[in-house]
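*Asks:* The following block contains the structure, expressed as structure tokens.
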Amino acid sequence: MSCVLTGVVPLGLVLLLCGAQGFFLPNVTQLEKLLSKYQGDQPHSRTRRAISRADREEILTLHNKLRGQVSPPASNMEYMTWDEELEKSAVAWARECIWEHGPTSLLVSIGQNLAVHWGRPRSPGSHVQSWYDEVKDYTYPYPHECNPWCPERCSGPMCTHYTQIVWATTNRIGCAVNTCPRMNVWGDVWENAVYLVCNYFPKGNWIGEAPYKTGQPCSECPGKYRGGCKNNLCYQETYGQETETDDMNEVEAAPIPDEKHVWVTPRVIKPKKPKKDSPVNYMTQVVKCDTKMKDKCKGSTCNRYQCPAGCLHSGAKIFGTLFYESASSICRAAIHYGILDDRGGLVDVTRNGKVPFFVKSERNGVQSLSKYKASSSFTVSKVKVQDLDCYTTVAQLCPYEKPGTHCPRVRCPAHCKDEPSYWAPVFGSNIYADTSSICKTAVHAGVIRNESGGYVDVMPVDKKKTYVASLRNGVQSESLRTPRDGKAFRIFAVRQ
């Protein structure tokens, strides 16, 4: 083996905003395989943590201390808390003993800092401090320099460890330490290398953005903090309620409290009328062979239609070729264009502006007519059907573009509700941010059942200024205010 001097190597991560849509998250099988590494053989077995309580406290305390003393001061820096799920994902990667960021499938959702050393013992806090010390090479980009994107001001080899630590909206962290018997570090094999992995959520290091807003500390905290401020950090009082009390850092079942009996007079409850089921919204409209585009398209959901069988020999008229006049039969136009046959099926419609004239032609057994008068037009396209995992977003699948975007009809697997929000987030209610998991959103909206999954239709729309959180069907969505990028979507049930 090569002789390597005792040393420390950090590794930082930059996530490209423009490239995030290119990532696809793991399917259920891969995720279960990853999470199975955290689970013992017995559901209540005692297992020692991959990081000691002292190291955990040191890492978390130092992060919050450093975040509270940035210069220039931050107006929106959030207090950071420890997250068990992030710790588990860090444990899984640390045990791989691979000197690179990973796993790739998770990097779309999390930020990550890495460090490794061998020889003389070092505390995890010393690595955190070395990450932060990159500040000496970093110049903060003030608002007037961002037009709209902020310049990258790093005069050293790397500043991304520092920027991830002080990324204002990153408010959760989970780390793990693992001793690797043999670890390849840039071509050299280190024996008994101590590997530190820290995962962060929400991720930071977005290219073109400043890590935080500058100003009076806590003057621009998100509304959920309700004015709370501690050591220059946006703070919620609930943070102080520590639940873990085991100083040995072992996980075991909590003791059952002593049983107490409270005698009360039972209250008489009047029977309530059964609640009416909420109306189910469908994007796909069921039409007849003679249904005209101008008669049916009178709302936002007029871009997908279910045509019946037997329209080939219907007497319904169509006008034009490729571009069809709005008085044309939707289903006959789809057969003329070659999207459907006489068996019927799904067709997507795109509304267009006025066309000066429409030319007749005969295609696929359907004769269209001419009309030499300017009129509104539409085009037709085939509806694809695609299977998804629990993590795919509209931003990845079919982001909104003007004048409109058609998404495939998608089939969601079962049990997406159980996926953690780091990998399958949901932002909003009724109208959702397009960075939300499609299938978990479908459960939240009530268009599919979590136990069975199923087909859904999605409609990309332009972005909203705010997305409001809500708890529906066992799924807690998150709020999102004034998003700089990204669009939105609506989600609909499919008739079975």
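Cβ atoms are placed via backbone N, Cα and C, with glycine included.
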*Asks:* From the set N27, N450, which residue is assigned the annotation N-linked glycosylation site by Swiss-Prot?
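*Replies:* That would be N27, per the N-linked glycosylation site annotation in Swiss-Prot.
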*Asks:* Pick out which of C297, C302, C331 Swiss-Prot lists as the disulfide partner of C311.
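*Replies:* Candidates were C297, C302, C331; Swiss-Prot matches C311 with C331.
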*Asks:* Kindly state the mean pLDDT of the domain 'LCCL 2' (384-487) in the predicted structure.
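*Replies:* Result for the domain 'LCCL 2' (384-487): average pLDDT 90.
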*Asks:* With H, G and I counted as helix, E and B as strand and the rest as coil, say where DSSP puts C331 (disulfide bond).
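*Replies:* SS state of C331 (disulfide bond) = helix.
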*Asks:* Where C307 (disulfide bond) and C331 (disulfide bond) are concerned, what is their Cα separation in Å, rounded?
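*Replies:* About 6 Å separates the two Cα atoms.
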*Asks:* Name the secondary structure element type, per DSSP in three states, that contains C416 (disulfide bond).
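*Replies:* DSSP call for C416 (disulfide bond): helix.
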*Asks:* Among the disulfide-bonded residues C289, C331, C390, C412, point out the residue whose Cβ has the most other Cβ atoms within 10 Å, with all shown protein chains included in the count.
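*Replies:* Answer returned by the neighbour count: C331.
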*Asks:* Which of the disulfide-bonded residues C331, C390, C412, C416, C439 has its Cα nearest to the Cα of C289 (disulfide bond)?
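*Replies:* That would be C331, the closest of C331, C390, C412, C416, C439 to C289 (disulfide bond).
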*Asks:* Taking only the disulfide-bonded residues C311, C331, C439, which one has a CA atom nearest to the CA atom of C412 (disulfide bond)?
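*Replies:* Sorting the disulfide-bonded residues by distance from C412 (disulfide bond), the top entry is C439.
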